[in-house]
Structure formats: C-alpha cells, structure tokens
C-alpha cells in the first residue's frame, strides 16, 4: 500500500507549513488526486487519519478533489479523456495515447489556526 508513504509525505509537508506559519493546529487539507495516479482516495483517507494521530494535523478534515484523466492521441492529434492509464483512445481506439493530465497528486490547500 503506497498510500501510507504518500500520506506520510503529505503530513511532512503540512507540518512544515504549520511550523513556518506558527500555527497551533491544522483544520483542513485539500488534495487533488488524478484519476490516472494509481492512488486510491479511500486508502489515502485511511492512511492520513493513521499518520496524523498525535500530530498537529490530528483531527484535520481531508478533502479530496478528483482530477479527470486526459491524454494526447497521436492518431487523432487531439486531447482526449482517459479513464485508464494505458487505455485506448475513446475516439479511434488507438493505444498511442500519451497521458497529459490526471496522473498527479498534490496538496492544493491547507487551512490552519
């Protein structure tokens, strides 16, 4: 489960930000997770709750925004929606599709007090 190490990385970033801003606690963390990122939202929620126990982020709400997948089809020469990382182009069926979006995970927002 790689979500545990991802949650630990998010916590480190959140703690660093809270420390830099002299915050007393973290109220909310908003993550953007791409549909093609191989990150399971429910698993990251579970892991986030586990790793934040006893930290400045304990009890913080975790909001996840799903980012749709997109890719460049070399056959169609256009951007197409993608639901699978190595899926076929929904327009022409070609597998020559280069992902251009939805593969990332990033911290979009941190709300602190």
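Backbone N, Cα and C define each Cβ position, glycine as well.
Annotated features, as they stand in Swiss-Prot:
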- 2: Ni(2+) binding site (BINDING)
- 73, 76, 89, 92: Zn(2+) binding site (BINDING)
For this session: Please report the DSSP secondary structure of residue 73 (Zn(2+) binding site), reduced to three states.
Result: strand
For this session: Let me know the most crowded of the binding-site residues, choosing from 76, 89, 92 and counting other Cβ atoms within 10 Å.
Result: 89
Seminar exercise, completed: Of the binding-site residues listed (2, 73), the greatest number of other CB atoms within 10 A surrounds the CB of 73
For this session: Sorry to bug you, but what's the C-alpha spacing from residue 2 (Ni(2+) binding site) to residue 76 (Zn(2+) binding site), rounded to the closest Å?
Result: 35
Problem set entry | Near-site residues: Zn(2+), ref 73, 76, 89, 92, CB cutoff 8 A to centroid | 74, 75, 78, 80, 90, 91, 93, 94, 96, 97
